[in-house]
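The following features are taken from Swiss-Prot:
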type	residues	note
BINDING	Glu176, Arg222, His450, Arg491	L-aspartate binding site
BINDING	Arg222, Asp223, Glu224, Gln231, Glu484, Gly536, Leu537, Asp538, Arg539	ATP binding site
REGION	200-203	region 'Aspartate'
SITE	Gly84	site 'Important for tRNA non-discrimination'
Amino acid sequence: MAERTHACGKVTVEAVGQTVQLKGWVQKRRDLGGLIFIDLRDRTGIVQVVFNPETSKEALEVAETIRSEYVLHVEGTVVERGEGAINDNMATGRIEVQATKVNVLNAAKTTPIIIADDTDASEDVRLKYRYLDLRRPVMFNTFKMRHDVTKTIRNFLDTEEFLEVETPILTKSTPEGARDYLVPSRVHDGEFYALPQSPQLFKQLLMVGGFERYYQVARCFRDEDLRADRQPEFTQIDIEASFLTQDEILDMMERMMTKVMKDAKGVEVSAPFPRMKYADAMARYGSDKPDTCFEMELTDLSEFAADCGFKVFTSAVESGGQVKAINAKGAASKYSRKDIDALTEFVKVYGAKGLAWLKVEEDGLKGPIAKFFGEEDANVLMSTLEATAGDLLLFVADKKSVVADSLGALRLRLGKELELIDESKFNFLWVTDWPLLEYDEDADRYFAAHHPFTMPFREDVELLETAPEKARAQAYDLVLNGYELGGGSLRIYERDVQEKMFKALGFSQEEAQEQFGFLLEAFEYGTPPHGGIALGLDRLVMLLAGRTNLRDTIAFPKTASASCLLTEAPSPVAEAQLEELNLKLSLKEEK
């Protein structure tokens, strides 16, 4: 078999007159009265191959048996197309290959999905036949971008003198965070490893070990409920460094991301990226990962509402809640009563009891609550919301958390429905100064907002023992277009501070020692100040490639129920395998 001389998508007018050897898949076959045209495809693109009896009867006879997705080896001569046959939409659209020989390397059954960017296959079918789905050019281009992003990051970190170090996949289960995937030990009866949710502890121990600058393209595993932008196994760019301040870490990440955007996407973004404190993000956008590609900020009306004529507003403020509003500029005519009812049901999903609304017309406010506002209140309301005729005003009165969640989600929905989001924009943002701890009323305890190893502000360390809810974290999240790309922090590196953190989280001294004794001891041997960040590679590629689902950036992903339709994992195992592990199954009975 002769060696391939050209990739299909790389045959251009410069090759006219040359004999070429091509190998690839049949994208399309057309029989035009004695001539057969085949579009031959490989990962670089498509080239048209012509089978003509005047060139080779033998090749034509073989071509008559060929169908879509057959794998071919074609030998032929490159010729220019006639004027009427030129296709400038293809890189190879000015030439075609006159076939002299063809060899079928492998036949193919009729495929269950159309191998094209605009395939009509359902996602389940695409996942079941993932190896066929991956043949689509849009999928290859996505993974080419993933490769380019990873290569750029590796090259950048190498120039910054970071070492790539692999950390264990079989590790210790810890109680914080999401559920672990557990792996039973055959050697140690009744004991289990856990697959890592992140390399957090090991990368900190590498700092204790004096490596100073570490990174890893790390596989991570979390047994949590899935959604469009979550997978049970995922990849993060994990970075840690000693002796750097928060500003130095953020500056380095900005330089890295601007290079990624330029090299992998061809887009120039400016640095430094804007910074916003967590409290401001929640107040202005109702989100800790605000999409700043469009305006429409939340406006706090609590002071006005405390003394207005609308009892729903006043009672919310009196009970310690708040009232906030969104002004959807020019949207009054675009939303009917039925549409607003749909928005009301939408905010109820986020805990809101309802959605109050007003439309601004030339002669004043109109809507079901307009009667509660006199002329003076109406003027204050319009002035505060900068409202003009044609605007739609939307209000939620409730607990602060409910107001933020519901209006934050509503803002994003309106942004999409009103086409306010410029898809060509890439707006990076740092969200800083996070709360260190969050209180869970159901569990009646504090949880770490990021993780238990985040350094509080120095002046807040004592608050861990007196008022944990007031302690601030030296933490930072990187946001792109409303998606959290990753998060990081400066880390605790002193035993006494780490013990205070564990105590605030409800750990007894014995529990802390049992779970994290190795880390606490390490902190007694001269641990340097350190910090870092973990960036979600899958999510970054999803955004840069213009995909809407993380599954499109992972070669062999899981479904929303964490199953693989291709291999049918997870699956039962043989009884003998369980016996080797000294395990017995006790399955719940189906009701």
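Here the Cβ of each residue, glycine as well, is placed from N, Cα and C on the backbone.
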Counts by DSSP class (helix H/G/I, strand E/B, coil) across the region 'Aspartate' (200-203): 4 helix, 0 strand, 0 coil
Rounded distance in angstrom between the Cα atoms of Arg539 (ATP binding site) and Gly84 (site 'Important for tRNA non-discrimination'): 44
Cα proximity to Glu224 (ATP binding site), best match among recorded positions Gly84, His450, Arg491: His450
Candidate recorded positions Gly84, Arg222, His450, Arg491, pick with smallest Cα gap to Leu537 (ATP binding site): Arg222
Cβ neighbour count within 10 Å of Arg491 (L-aspartate binding site): 22
Secondary structure of Arg491 (L-aspartate binding site) (DSSP, helix/strand/coil): strand
Other CB atoms within 10 A, centred on Arg222 (L-aspartate binding site): 20
His450 (L-aspartate binding site) CB neighbourhood, other CB atoms within 10 A: 19
Euclidean distance between Cα atoms of Glu484 (ATP binding site) and Arg491 (L-aspartate binding site), Å: 20
Secondary structure of Gly84 (site 'Important for tRNA non-discrimination') (DSSP, helix/strand/coil): helix
Recorded positions compared (Gly84, Glu484) - the one with the fewest other Cβ atoms within 10 Å: Gly84
Structural state of His450 (L-aspartate binding site), classified by DSSP into three states: coil
